[in-house]
């Protein structure tokens, strides 16, 4: 069956210089039947195809059209497809992930650097020592990391969803930048909705966490933003919630076994590795695991999203309806309220702790002064001249000292 989406994809890929063999391979790997692909190529070869040819040149990405399916891939199939995608795009994925690693390491260095602590913090000591100053720096670093994380995630998707086109790491980062702000806003909404669903009861928050998980892929591929992307993700999960949850659980188990096994092997090998070399190798191992696991997870989730989209397309078009937006908006308002309450409670707790610490510090200073005065008096049988009023007290009259201490 020839669909407009399939025909448009073939025409657009030809315009971008992708060979027919490469297009054919991508479509076969995406689940399209041989007969449908051949019919679409024949239709695309006609001088005036029945479907209008959309000009996609200059677009940020041209996704492979979804082949309608009646069921999801099993977890092993998804795992194999994910590993295949990762191997075929290994080098650009590693380069893009190094940008994220560099941002994480740089932020950690800034926070722990003695130069930062002594130079910058001392210059703004009055501001930084306050709760507001500490929160401002934490929020600033968090925003920077969120920008980099969103940027890298979109760049990873640009690489693995190239549709036969070879995309380098720099080109992927350039294309991904245009959607970074939209993904950040989507992430904020996602966090607020999950937090709002968790208030009072944990189970609704977990359900929302899974149900809305595929919204970033809706943003990337379908250009839906904000609540529209979240609702579309929810509607895709409507028919496949249990099956998709099982596949997500399989991913979590696979990642856990992989990281634990690698960590155990590394710990065993440390018996024969000198301590100085072990520290360096440990850092390399941590970075290597991060570079593998993060894009692997993104690819797996993207393929699962495409699979659920295909299952929805094979049934009806109810998943296109923008239903449930008001409910998600209401839950997000609960999340905003929860954030305000958490900040207020944290501020009150820290303020009380700071006041108690200040009071304890003042008492210690007073005790030190009293001890020094007693020591001075025991040696000179009088108080310092600067404390002349104390000389009015009888040296043997402890009541005078008690009045002073009071």
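Heads up, the Cβ atoms here are built off N, Cα and C, so glycines get one too.
Worth saying up front: this structure is predicted, and the values here are computed from it rather than measured.
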Stated TrEMBL location of transmembrane segment, expressed as one of 27-49, 50-72, 326-348: 326-348
Of the residue ranges 1-26, 131-156, the one that TrEMBL records as transmembrane segment: 131-156
Interface present between the transmembrane segment (90-111) and the transmembrane segment (326-348) (three or more C-beta pairs under 8 A): no
Segment proximity, the transmembrane segment (176-195) to the transmembrane segment (286-305), 3 or more C-beta pairs under 8 Å: no
